[in-house]
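Student: Okay, handing you the structure first.
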């Protein structure tokens with residue numbers, strides 16, 4: 001009986017060692033290339049939400065409209081109403097919802113051109129977006145897509161997803177952002193942000209946050225989950 005238990009324990013030890021090696025072999029390879037340190041913050045800097053390029057306007061968005069050399073047609077702050085429109089001199093209510101800032105500027109340009117202003121030059125910036133989506137993936141409690149009102153910080157985004165799991169790698173939290181001039185990735189250390197060492201980066205709608213995994217912790221957890229079942233199997237041999 002003692003010999004059977006002894007050899008069962010040996011076989012269990014060998015199995016667990018093999019399992020660890022197999023799990024390690026399945027672990028992903030090198031980290032994705034992402035900006036770190038000051039470069040990480042710089043890669044996320046934008047002058048306005050409109051710099052994300054493809055953002056579509058919606059009700060509640062706050063806009064800044066500038067018609068060059070026409071101060072009476074320029075406005076520091078205009079809010080898209082519940083019907084998705086904005087009031088504009090000469091043109092009445094102009095539909096903004098569903099358009100990009102550039103498309104709305106083109107609509108206003110076409111409306112003013114010739115009849116009211118000679119060669120109008122219109123630029124529009126999104127000061128504050130009313131509602132956008134942010135995706136949080138990886139080692140968090142509740143991964144998914146979340147609605148944001150305006151901008152949010154990285155820590156706030158993680159809180160929306162229920163916080164990191166125990167197996168999360170807090171020094172490998174990557175923010176992906178698409179802008180008109182390309183795609184960007186920035187890696188942050190959440191532990192340093194929580195400690196107040198690094199500042200909490202500002203996120204925008206359309207960003208994707210991916211929380212990395214601590215493979216050693218994950219493998220240890222997986223082994224602990226299957227070990228009781230394996231012990232029963234080997235003791236029956």
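Cβ coordinates come from backbone N, Cα and C, glycine included.
Sequence annotations record features per position, and here TrEMBL assigns domain 'Polysaccharide export protein N-terminal' to 51-126. For 136-183, the entry in TrEMBL reads domain 'Soluble ligand binding'. The signal peptide annotation in TrEMBL covers 1-24.
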Student: How many of the residues that make up the domain 'Soluble ligand binding' (136-183) does DSSP mark as helix, as strand and as coil?
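Tutor: Breakdown, helix to coil: 7 helix, 26 strand, 15 coil.
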Student: May I have the DSSP-based helix, strand and coil counts for the residues of the domain 'Polysaccharide export protein N-terminal' (51-126)?
Tutor: 17 helix, 26 strand, 33 coil
